[in-house]
Amino acid sequence: MLLKMEEMVIEKKNEMKQTGDFVSGVSKNGEYETAVALEKQEDLKTTSKSLIELEEEKQSKEKQLKSELLKKKLEERPKLDNLEDLQTIINLKKRKRVKKVKVPVVKEPEPEETIGDVDQMTFFKAALDNKMSIIEKYLADGGDPNTCDEYKRTALHRACSEGHTAIVEKLIEAGANIEFKDMLESTALHWTCRGGSVETLKLLLNKGAAINARDKLLSTPLHVAVRTGYYECGEHLIACEADLNAKDREGDTPMHDGVRLNRYKMIRLLILYGVNLNIKNCAGKTPMELVMQWQNGAKEIFNGLQNKSYKNSHISKF
């Protein structure tokens with residue numbers, strides 16, 4: 001028995017010695033940190049195993065709890081023992097649908113703007129800005145629809161230039177003079193052709209506006225339409241038998257203006273309706289001669305540029 005005890009003590013001492021040798025060896029070789037790190041990793045492995053087991057237990061408990069709750073809900077559901085139970089469920093669903101329906105929000109009408117006294121300048125601005133309520137207020141208060149500024153431009157001229165047809169109609173109904181001329185002797189029809197509104201043009205012609213009225217330059221509304229390039233206005237004037245060959249103060253017809261300004265569509269339109277191409281202006285030029293003159297001028301410019309470039313290239317060689 002004593003021998004066995006001694007053997008056990010000796011064996012224990014040997015184990016302790018081996019452990020001491022290992023630690024001292026590790027310290028000597030500078031690998032102590034590595035050994036500790038390995039120990040920690042082993043410790044983490046054992047710890048992670050225990051954590052996994054705990055997590056699995058937690059999940060199983062949660063699943064069990066969910067299944068119990070679901071079972072409870074199923075038990076609490078109303079059973080369809082008869083038709084009355086079914087009708088109750090249908091009524092409940094209908095109520096839910098009614099709750100989901102959104103009630104449309106009805107906007108309250110905005111309060112009408114109270115308009116005070118309208119002076120002359122406000123009246124003119126309203127004609128430009130298409131403010132019907134201000135126009136109506138001015139006229140209702142007895143304002144003169146033919147009042148004009150220092151350039152003799154009326155509210156009708158302004159409304160026509162902007163194409164505010166409703167304002168134009170209101171002013172004419174109130175007694176505005178369609179043939180009233182401004183300082184340059186332009187009528188409402190001239191101003192309409194500067195603005196390009198066909199609807200306003202039709203309204204004025206239907207109200208009896210002079211289709212061949214002349215301004216200070218003796219230009220007709222067709223002259224103005226060709227110069228500004230408003231094709232539909234020009235087409236409607238021609239369809240209403242405007243004078244195709246009317247001459248202005250320089251003797252130019254609408255065709256002369258079209259050629260000079262290179263209004264291709266207008267030129268084609270005038271030719272289609274039978275314009276006279278042989279009429280000469282005060283300079284003695286027909287529309288065709290103006291085209292040739294322009295072409296010759298263009299040729300001279302290009303020839304001059306060509307000669308200049310030739311000389312420059314010839315000089316650069318030396």
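Cβ atoms here come from the backbone N, Cα and C positions, even for glycine.
Per Swiss-Prot, these features apply:
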COILED    37-77  coiled coil
REPEAT    151-180  repeat 'ANK 1'
REPEAT    184-213  repeat 'ANK 2'
REPEAT    217-246  repeat 'ANK 3'
REPEAT    250-279  repeat 'ANK 4'
REPEAT    283-314  repeat 'ANK 5'
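When Cβ-Cβ distances below 8 Å are used as the criterion, the repeat 'ANK 2' (184-213) is approached by residues 156-165, 168-169, 172, 178, 219-222, 224-225, 228, 230, 232-233, 236-237, 240-243, 246 of the same chain, each at least six residues removed from its ends. Broken down by DSSP into helix, strand and coil, the repeat 'ANK 4' (250-279) contains 16 helix, 0 strand, 14 coil. Same-chain residues lying 6 or more positions outside the repeat 'ANK 4' (250-279) and placing a CB less than 8 Å from one of its CB atoms are 217, 220, 222-223, 225-227, 229, 231, 234-235, 238, 244, 285-288, 290-291, 294. Beyond its flanks by at least six residues, the repeat 'ANK 1' (151-180) meets 123-124, 126-128, 130, 132, 135-136, 139, 145, 186-189, 191-192, 194-197, 199-200, 203-204, 207-210, 213 of its own chain at Cβ-Cβ distances under 8 Å. Within the same chain, residues 184, 187, 189-190, 192-194, 196-198, 201-202, 205, 211, 252-255, 257-258, 261, 263, 265-266, 269-270, 273-276, 279 sit at least 6 positions outside the repeat 'ANK 3' (217-246) and bring their C-beta atoms closer than 8 Å to a C-beta of that stretch. When the repeat 'ANK 1' (151-180) is classified with DSSP, helix, strand and coil residues number 17 helix, 1 strand, 12 coil. Counting residues of the repeat 'ANK 3' (217-246) by DSSP class, helix then strand then coil, yields 17 helix, 0 strand, 13 coil.
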